[in-house]
Amino acid sequence: MKIFILFGQTATGKTAKALELCDTENGEIVNFDSRQIYKKLDIVTGKDRPTNPRYKIWLYDLVDPKETFSSGDYVAHALPILKDIITRGKTPILVGGTGYYLYHLLYGVPKITVPENWPLRHHLGTKTVMELTKILREKKPEFLESLNESDRLNPRRLIRRIEIALANGTLADKPTMITLLAHLGGVQGTDVTFIPFFHTDSEKTRAIIRARVMARIESGAIEETQSLLNEGYKKSDPGLNAIGYQQIISYINNEMTREQMIELWLTREIHYAKRQKTYFKKLFPQLF
């Protein structure tokens with residue numbers, strides 16, 4: 001049994017390499033990008049859709065942008081798909097950049113025992129995202145660092161982290177032996193190949209990400225976002241917390257100029273890429 005795991009920063013060519021492996025390894029791609037899980041979010045999130053029908057990508061377009069989707073939800077959906085791919089004699093090729101999805105797929109989803117504190121939630125529910133971020137940074141900065149870009153803009157995620165921090169709880173225990181391989185029913189003889197994708201030059205990184213942002217704008221990112229707003233979706237919806245949509249919505253609402261929107265989108269993508277590298281270095285130090 002073979003499994004390939006292609007992980008790393010945004011705009012590094014992971015999907016292109018995965019398509020090559022589909023040809024050479026009789027593979028099917030399984031996405032672990034939290035932004036591409038959502039339906040209707042295509043241009044801004046950069047969903048690469050192969051024109052050749054022989055390429056199969058799983059876990060695109062899974063949930064509505066109004067729905068929340070946790071790493072536990074991801075594992076629950078991914079495991080049956082991985083088992084099915086293997087059962088059909090094909091090779092799973094995991095591709096993405098959402099570290100917590102991969103972490104919990106590999107090591108299992110930890111149980112957090114801190115109970116819900118409704119008086120605290122009611123109190124925190126009156127605060128802005130900026131205020132919640134400040135509280136969490138003061139109480140447990142490592143909890144804030146563990147959140148992806150979307151979750152950092154999600155008041156519910158921030159409030160839950162504060163709730164756990166104030167109760168002196170922990171986000172997760174150390175990884176157990178409940179691994180991906182155990183879930184799939186085979187440990188001995190399994191060949192798991194990890195392939196990292198990271199930028200090495202900060203100036204080139206900025207240029208590459210800028211080109212990608214501009215290409216998405218030219219491909220209709222603003223029009224896509226306007227269409228979502230016309231359908232009744234809101235800036236506060238979980239799916240629209242993704243980088244790009246937040247900035248475009250602010251532009252549409254005349255809260256910033258087109259140039260400011262582009263620069264802020266670019267900056268957010270660069271910061272996200274830095275956090276991805278930091279997270280994966282902690283997760284797989286032996287590969288760096």
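Every residue gets a Cβ built from N, Cα and C, even glycine.
Straight from TrEMBL, the features:
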type: BINDING; residues: GLY8, GLN9, THR10, ALA11, THR12, GLY13, LYS14, THR15; note: ATP binding site
type: BINDING; residues: THR10, ALA11, THR12, GLY13, LYS14, THR15; note: substrate binding site
type: REGION; residues: 33-36; note: region 'Interaction with substrate tRNA'
type: SITE; residues: THR98; note: site 'Interaction with substrate tRNA'
type: SITE; residues: ARG121; note: site 'Interaction with substrate tRNA'
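The structure, with features from TrEMBL marked on it.
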{"residue": "GLY8", "record": "ATP binding site", "DSSP (3 states)": "strand"}
{"residue": "GLY13", "record": "ATP binding site", "DSSP (3 states)": "coil"}
{"residue": "THR98", "record": "site 'Interaction with substrate tRNA'", "DSSP (3 states)": "coil"}
{"residue": "ARG121", "record": "site 'Interaction with substrate tRNA'", "DSSP (3 states)": "helix"}
Taking LYS14, ARG121 as the recorded positions to compare, which has the smallest set of other Cβ atoms within 10 Å? ARG121
Sequence gap of 6 or more, C-beta under 8 Å: which same-chain residues meet both conditions with respect to THR10 (ATP binding site)? GLY97, ILE209, ARG212, GLU269, TYR272, ALA273, GLN276
Could you tell me the C-alpha distance between THR15 (ATP binding site) and THR98 (site 'Interaction with substrate tRNA') in angstrom, no decimals? 14
Summary of DSSP states over the region 'Interaction with substrate tRNA' (33-36), given as helix, strand and coil counts: 0 helix, 0 strand, 4 coil
So among the binding-site residues GLY8, GLY13, who's got the most Cβ atoms within 10 Å? GLY8
For the binding-site residues THR12, THR15, the largest set of other C-beta atoms within 10 Å encircles the C-beta of THR15
Measure the Cβ-based neighbour count of THR98 (site 'Interaction with substrate tRNA'), defined as the other Cβ atoms within 10 Å of its Cβ. 22
For the region 'Interaction with substrate tRNA' (33-36), what's the mean pLDDT in this predicted model? 96
Neighbour tally for GLN9 (ATP binding site), based on other Cβ positions within 10 Å of its Cβ: 23
